[in-house]
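*Asks:* One structure, pasted below without further comment.
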Amino acid sequence: MEFPFDVDALLPERITVLDQHLRPPARRPGTTTPARVDLQQQIMTIVDELGKASAKAQHLPAPITSASRMQSNRHVMYVLKDTSARPAGKGAIIGFLKVGYKKLFVLDDREAHNEVEPLCILDFYIHESVQRHGHGRELFQYMLQKERVEPHQLAIDRPSQKLLKFLNKHYNLETTVPQVNNFVIFEGFFAHQHRAPAPSLRATRHSRAAAVDPLPAAPARKLPPKRAEGDIKPYSSSDREFLKVAVEPPWPLNRAPRRATPPAHPPPRSSSLGNSPERGPLRPFVPEQELLRSLRLCPPHPTARLLLATDPGGSPAQRRRTSSLPRSDESRY
């Protein structure tokens, strides 16, 4: 990939490592140094053009590599330069590889969730005109040595079929562990992260004690047989013994009240705020005639007998003589 400026002078090494600062590498001795701002702008142009070419090759709707993304994330970009071809004395770019550490939740072989932060392959591109010439393997191997990782320890973000074939051909990465996200990991990813936990001292002590003097197992506790549904009664005999017998009220309150026949059309209730709803009698209703009859039949109190005996006007004979007079004579008195 060619550019209008001198790529060979901008990137002195064959493989240049760029971080989020996108600073130009150290200049060779004896070469002229242009303005620092111009060099950084040229590097940003290279990163943007490489991102567009990679998105076009992978049929992506938008580039996933750009200068702005590099500045906002702690990613590392390995840029491979062509040192042999020098069109117009300006040099060319072969491809790039972008990596970065990400915190992921991945599934292992037992489908258990694990929180890891591996080195991820985020973007990988080699120009179509120089593919199948070993440039991709050279760039990938340089990255592995620089980051000090093994191929099976990497996580690849949405790899293409070409990248999967590349990893299978050069690094024998074939069996993948299924994931629910877009990252792909291969068999052996958890080999260096999960080890068999050592038994604790307490567990070892208990295991040795059980081997020397094993305790007999406790006998199983027998539960009472379950009662059939038909034997269950609503009340137990003990509850019935403590039931209180209702005491009959004294006469005449023990008589059942006469139930009045409700009217066919009850009177409408008043909706005024001053009226209160009617309440029923709190005690059993006794008719007036029955009450008077009971009072006549009741024997007089001893005190009442004494008063009647001492009062001549209150004697029964006097009451009878008074009641026998005609109505006109009674009015005189």
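Backbone N, Cα and C define each Cβ position, glycine as well.
Curation does not apply to TrEMBL; its annotations are automatic.
Feature list, courtesy of TrEMBL:
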DOMAIN    1-190  domain 'N-acetyltransferase'
MOD_RES   Lys56  N6-acetyllysine
SITE      Gln58  site 'Crucial for catalytic activity'
BINDING   124-137, 160-169  acetyl-CoA binding site
MOD_RES   Lys146  N6-acetyllysine
REGION    200-235  region 'Disordered'
COMPBIAS  209-221  compositional bias 'Low complexity'
COMPBIAS  226-235  compositional bias 'Basic and acidic residues'
REGION    252-287  region 'Disordered'
REGION    303-333  region 'Disordered'
*Asks:* Looking at Cβ-Cβ distances, which residues of the chain lie under 8 angstroms from Val130 (acetyl-CoA binding site) while being 6 or more apart from it?
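*Replies:* When sequence neighbours closer than 6 are ignored, Val130 (acetyl-CoA binding site) has Asp82, Ile94, Gly95 within Cβ distance under 8 Å.
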*Asks:* Would you mind reading off the Cα separation of His127 (acetyl-CoA binding site) from Lys146 (N6-acetyllysine), to the nearest angstrom?
*Replies:* 23
*Asks:* Counting other Cβ atoms within 10 Å, pick out the least crowded of the binding-site residues Leu164, Leu167.
*Replies:* Leu164
*Asks:* What is the number of other Cβ atoms found within 10 Å of the Cβ of Gln161 (acetyl-CoA binding site)?
*Replies:* 7
*Asks:* Roughly how many Å lie between the Cα atoms of Lys56 (N6-acetyllysine) and Gln161 (acetyl-CoA binding site), rounded to a whole value?
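*Replies:* Distance (Cα to Cα, whole Å): 15 Å.
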*Asks:* Can you give me the Cα-Cα distance between Leu167 (acetyl-CoA binding site) and Gln58 (site 'Crucial for catalytic activity') in Å, rounded to a whole number?
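*Replies:* Between the Cα atoms of Leu167 (acetyl-CoA binding site) and Gln58 (site 'Crucial for catalytic activity'), the distance comes to 17 Å.
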*Asks:* Which one is closest to Gln58 (site 'Crucial for catalytic activity') in space, judged by CA to CA distance, out of the binding-site residues His133, Gly136, Gln161?
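*Replies:* Among His133, Gly136, Gln161, Gln161.
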